[in-house]
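Structure first, commentary second.
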Amino acid sequence: MSRNDEKNPQLLCSFCGKGEYEVKQLIAGDGVHICDACIASCNEILVRQELETVEEQLLTPQEIKERLDEYVIGQEEAKKILAVAVHNHYKRVFYAEKISSEHGDVELEKSNVLLVGPSGSGKTLLAKTLAKILRVPFAIADATTLTEAGYVGEDVENILVQLLQNADYDLDTASKGIIYIDEIDKISRRSDGPSITRDVSGEGVQQALLKIIEGTEANIPPKGGRKHPQQEFIRMNTSNILFIVGGAFIGLDKIVEQRIRGGSMGFGAKVSGKKERPLGQLLEQVHPNDLVQFGLIPEFVGRIPVLTHVDDLSEEDLVRVLVEPKNALTRQYQKLFELDNVTLRFTSDALKAIAHKAIERKTGARGLRNVMESIMLDIMYKLPSMVGVKECVINDVVINTNGEPLYIYDSEVQVAL
């Protein structure tokens, strides 16, 4: 060793022992050094451990559906399709680095979902419950309020603002969230051909939504759109945001039926009667072209590869909605009554009567709360002032004729006057 080397000894990596001249870069710390090769090795270990953690946390499609079953009644096929789509989406998100390094030629596309079905059948609840199960931020938007930039209404970027706010302004967390856009059928274009005049709340909105649904670097105003023009914009990557869009699509069943019947033509074709098929049976057979004919532009339909439908809920389904989910309406009211030390009980006939009223109003599961509120109002008004009541029984007479419930007291049973 030369005298000069003794004065300036070569620095060594504290991990692998290589000298500073044997490596590309040596980073100094407090009394230690680490080379670029060891940094790369440490990074690989961290990524591998993170993937193992993610693999443990990532729910299987079966587990996702089981969790959905706790909150959503019926819609078995829709829950199964959503579970697979969501599982694949987050597998794509969490394993992005592994996929790009091991399968560089394979690019996994987003599994955005379209839910078709009548109002009150559980579309919004499905999307909201998925976000709750996966513990990711969630935002709901109403497509009818959206317009192209520069027109009166909400810009499509405002949807991303809401997601960011719901993620407590954590950009990384927000960029892995779920956005549900309701009433998507209401922004269908008004004619089959391309729009000549400006359609700012129809085809124009579809065009504006295309990029953020597909995945883009969007500039979003953190305080919302036009009221704060001087604010700095935040760049959000939407590539890993799952978009679920839903709508009633009234009249889509006719388009599907026309296509199916149109296929049975010519010699040897089976001639069937004009018996109408059930709505659910028709919506099971929706093709992308049917949606285009309805008024969604082909590019928009192409960005949403997963199509599924939800059925109208039967009276039996609505009775189950009232009692089975973790946050069932009857359980909520029972909890309220418990706070007054009163047990609330609904007879099976009462539950059927409530479900029947919701069906009559054609509001589906959404109408159950309205029916319950109107029934329970007077009871909840009087009960806190009543002394000695330990149980309140609601039967079908209360539902159908606005009769009084049966109040059971500590010492005797009587009907409240």
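Placement of Cβ uses the backbone N, Cα and C atoms for every residue, glycine included.
Pulled from Swiss-Prot, these are the features on record:
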- 1-54: domain 'ClpX-type ZB' (DOMAIN)
- Cys13, Cys16, Cys35, Cys38: Zn(2+) binding site (BINDING)
- Pro118, Ser119, Gly120, Ser121, Gly122, Lys123, Thr124, Leu125: ATP binding site (BINDING)
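Sequence features, as recorded in Swiss-Prot, placed on the structure.
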residue: Cys13; record: Zn(2+) binding site; DSSP (3 states): coil
residue: Cys35; record: Zn(2+) binding site; DSSP (3 states): strand
residue: Pro118; record: ATP binding site; DSSP (3 states): coil
residue: Lys123; record: ATP binding site; DSSP (3 states): helix
May I ask which residues of the same chain, at least 6 positions away in sequence, place their Cβ under 8 angstroms from the Cβ of Lys123 (ATP binding site)?
Leu115, Gly117, Tyr180, Asp182, Gly246, Val310
Please identify, among the binding-site residues Ser119, Gly120, Gly122, the one with the smallest Cα-Cα distance to Cys13 (Zn(2+) binding site).
Gly122
Compare the Cα of Pro118 (ATP binding site) against each of the binding-site residues Cys16, Cys35, Cys38 and report the nearest.
Cys38
Near-site residues: Zn(2+), ref Cys13, Cys16, Cys35, Cys38, CB cutoff 8 A to centroid:
Ser14, Phe15, Gly17, Lys18, Val23, Leu26, His33, Ile34, Asp36, Ala37, Ile39
Of all the binding-site residues given, Ser119, Ser121, Thr124, which residue's CB has the most CB neighbours within 10 A?
Ser121
Across all protein chains in the structure, which of the binding-site residues Cys13, Cys35, Cys38 has the highest Cβ count within 10 Å?
Cys35
Name the residue among the binding-site residues Cys16, Leu125 whose Cβ has the smallest number of other Cβ atoms within 10 Å.
Cys16
A correct count of other C-beta atoms within 10 Å of the C-beta of Pro118 (ATP binding site) gives 22
